[in-house]
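Student: So Swiss-Prot lists the following for this protein:
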TRANSMEM  17-37  transmembrane segment
DOMAIN    58-263  domain 'TNase-like'
ACT_SITE  154  active site
BINDING   159  Ca(2+) binding site
ACT_SITE  162  active site
ACT_SITE  202  active site
């Protein structure tokens with residue numbers, strides 16, 4: 001009996017069990033935090049980085065840093081927005097102010113100058129001229145900022161008039177559409193819903209921006225203003241299930257002869273591209 005007192009005392013197995021539990025807890029916490037980061041806080045800098053499970057299901061928040069055409073722009077992804085520190089802990093890109101603001105006095109209309117003088121003297125195409133002057137007079141507060149880690153966005157469901165490219169002339173209202181989009185989006189934070197990646201590796205997306213009357217769909221607003229047509233392709237068009245709404249507002253704009261529909265002879269962007 002006396003010899004038993006000299007034997008080493010063994011610790012209960014509960015210590016090893018606690019170590020296992022703590023290891024599982026910390027491993028699970030790390031994996032959960034990593035999954036949360038990848039799902040909600042990871043920044044995407046190009047369309048091909050966006051995971052497939054995001055398309056058609058989730059919205060991404062960010063800032064418009066450049067508008068280069070009437071139906072596309074550059075988007076700086078700011079995942080998590082203000083809650084994730086963007087704008088106060090993590091810097092958002094600062095854009096340089098336009099000085100002076102872009103207006104009809106600085107940016108010429110897509111209508112040739114001799115045609116505009118003729119129209120003003122003889123009173124031809126007054127409706128078209130009025131719409132053109134309105135859009136060309138919209139102020140654009142910021143300049144484009146390039147060379148940033150941004151996603152190139154193609155606005156879904158619509159086609160804006162073609163600007164001058166490779167020596168080809170611009171379509172009427174192409175400059176007006178560009179200025180309206182710059183006036184509406186540049187320097188602002190928007191939500192995008194990725195729908196697809198096109199042949200140019202741009203993210204085709206539904207885009208919404210905030211106004212005093214609520215959130216607006218950029219594509220629908222362009223159609224309502226007569227600055228874009230419903231996208232004509234039957235195979236690659238993306239409407240996020242709202243094609244009927246796009247068609248309705250296009251017919252309404254056409255009936256009111258708004259923007260592009262104020263022309264007597266109108267060639268759609270699709271027809272223009274096929275012709276040239």
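Placement of Cβ uses the backbone N, Cα and C atoms for every residue, glycine included.
On this model, are these features tucked inside or out on the surface, and what's nearby?
Tutor: For residue 154 (active site), applying a Cβ distance below 8 Å and a minimum sequence separation of six or more within one chain yields 71, 72, 198, 200, 202, 203, 204, 205.
When secondary structure is read from DSSP and collapsed to three states, residue 159 (Ca(2+) binding site) falls in the strand class. Listed in sequence order, 71, 228, 229, 230, 231, 232, 268, 269, 270 are the same-chain residues at least 6 apart in sequence whose CB falls under 8 Å from the CB of residue 159 (Ca(2+) binding site).
Sequence-distant contacts of residue 162 (active site), defined by Cβ-Cβ distance under 8 angstroms and a gap of at least six in the same chain, are 168, 170, 171, 174, 269, 272, 273.
Taking the Cβ of residue 202 (active site) as centre and 10 Å as the limit, one finds 17 other Cβ atoms among all the protein chains shown.
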Student: DSSP secondary structure for residue 154 (active site), reduced to helix/strand/coil, please.
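Tutor: SS state of residue 154 (active site) = strand.
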